[in-house]
Amino acid sequence: MSMPRTLRSVPDLVEAGLLPPEAVRSDIARVGERYAVALTPAVAAMIDREDPRDPIALQFVPDAAELLVRAEERIDPIGDLAHSPVEGIVHRYPDRVLLKAVHVCPVYCRFCFRREMVGPSGLGTLTPEQLDAAIAYIAARPDIWEVILTGGDPLVLSARRLRDIMERLAAIGHVKVVRFHTRVPVVEPDHIDSELVGALKASGKTTYVALHANHPRELTPQARAACARLVDAGIAMISQTVLLKGVNDDADVLAALMRAFVENRIRPYYLHHPDLAPGTSHFRLGLAEGKALVAQLRGRISGLCQPTYILDIPGGHGKVSVLSDAVRESDDGCFRIRDFRGGEHLYPSGSDAPATGSP
Ligand SMILES: *Cc1c(COP(=O)(O)O)cnc(C)c1O
Ligand code: SF4
């Protein structure tokens, strides 16, 4: 038998039985040409093929609904580009920066907030010169306490390259914490081997790994074992989840997911309201619906299991806690949002804004 491989196109998904044969001549094929597709063998194995609304399939198998772009959606929903002083760095808050060393992921999520930037035709990997300039930017700014590697998924890099980046960050005295945002422990658990785990640690620095997972079924025995290898090595883990219609917009599902994190020594961190990325409106709830759902978690599960419900304010104004008084519903159903600098922004009410057609 041949080794299972990553499925990277609509024809691959048809061959694997995850899409019907007609898909190659339908709008789904157009979606597959427009946005990156990838399902690792671990992800394909999680999908229940008998369930037409399988919550894993919904996250990764392209859907014709992605061709519908709504007026409020944006190419760069959280304003990365406006806050990028040098290639690969996003510097929005004084004490922390994003370092986007790579714009490739092991899987491509249909709701991805950076879907215009990641993928085989995206921005690729930083060149050695760009990486030097990004690290020099961090080294020159003593206010930068934390470096957050994201992208893309930084754990697609080899252990050797990760070790090189860690060693260079470790040489910067004012950087105390390095955080990696990743889906790899779930979607490619065997990749988390002892060499890679070792590469994520540097003496005198604290490493955090933020695991992106959206449904309790993603925490397979293999994924749990991969997380245990990280935590046993002294790496702290936190979670991030995107609130997604049809996938996890249910208090029981969210409760089971948050409990699964805690059982695996992963402290729930953020529950993200989905961003206004192009062609993702079929995943988006209204803020009022999200608030009602998250309120149900309070009494139901331990304080250890409570994530913070977060909205990244469109346009790059930073994150805000949806349940705080910085987010207020007005009479017209829109939301008025105050950013951390005191600026006011409007957020659309629900999913009734007009569509503008295909990309
Ligand atoms: C989300 C984000 C961070 C990290 O925010 P935390 O609230 O510290 O998790 C940092 N910089 C940018 C540009 C971000 O978008
Ligand atoms: S892993 Fe993150 S960056 Fe990569 S496709 Fe999914 S949401 Fe986008």
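We number each residue from 1, going along the chain as drawn.
The backbone N, Cα and C atoms fix where each Cβ goes, glycine too.
Per TrEMBL, the feature [4Fe-4S] cluster binding site maps to C105, C109, C112. The feature domain 'Radical SAM core' is assigned by TrEMBL to 91-304. Here TrEMBL flags K319 as N6-(pyridoxal phosphate)lysine.
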Quick check: which same-chain residues outside C105, C109, C112 lie with their CB within 8 A of the centre of the [4Fe-4S] cluster site CB atoms?
A36, V107, Y108, R110, F111, R114, R115, V118, R183
Checking proximity to ligand 1 here: which binding-site residues out of C105, C109, C112 have their Cβ closer than 6 Å to it?
none
Any same-chain residues 6+ apart from the residue listed as 'N6-(pyridoxal phosphate)lysine' with CB under 8 Å of its CB? Would you list them in sequence order, or say none?
I310, L311, D312, I313
What's the number of neighbouring CB atoms sitting within 10 A of the CB on C112 ([4Fe-4S] cluster binding site)?
20
Give the three-state DSSP assignment (helix, strand or coil) for C112 ([4Fe-4S] cluster binding site).
coil
Where does C105 ([4Fe-4S] cluster binding site) sit by DSSP, helix, strand or coil?
coil
Taking all residues of the domain 'Radical SAM core' (91-304) together, what is their mean pLDDT?
96
Number of other Cβ atoms within 10 Å of the Cβ of C105 ([4Fe-4S] cluster binding site) across all protein chains
25
Other CB atoms within 10 A, centred on C109 ([4Fe-4S] cluster binding site)
24
